[in-house]
Amino acid sequence: MTTGTPSPVAGTPFPSARPLDAAEQELLAAATRTIDAATDRTTPEADGLHTVGAAVLDGEGRVHIGVNLYHFTGGPCAELVALGAARANGARRVAAIVAVGDLGRGVLAPCGRDRQVLVDHHPGCRVLVPGPDGGEPVSVQVADLLPGAYRSSTAVEENPGHDH
């Protein structure tokens, strides 16, 4: 993904934070296009079933997309839908992931459940999160988002050939 070592980003609590590289910028654009096409709300106050879009960059450089499906019982987050789409299309390793809110809300940090899934199944991936003070998004290692994470018995070590 990155050809050089981008400089760290000041003002962020994440040690691995860096500006987005070209592939991550395209990933962000894909997630934005996805939610712009899929949202079913016209105002922030309206209810909607699809309010977040996500995009996954796999280890082969392919982009996979998904949207959330809101339901009062706890529907799937956009990130999990995109991860499932990636796997359904043969992806074994996730290099990066991003979620974007509808109605121009921009990059959203993953919820705790998504962070745990990423740490357990894709511990080497990068996650795009809002930058300091709502500025430009930054790319961070998933481990920065869940320090001291619990590792479940189903957690995997990052392995491009792993069939999980």
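Here the Cβ of each residue, glycine as well, is placed from N, Cα and C on the backbone.
As recorded in TrEMBL:
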type	residues	note
DOMAIN	22-153	domain 'CMP/dCMP-type deaminase'
Overall pLDDT for the domain 'CMP/dCMP-type deaminase' (22-153), taken as the rounded mean: 95
Helix, strand and coil counts within the domain 'CMP/dCMP-type deaminase' (22-153) (DSSP): 45 helix, 31 strand, 56 coil
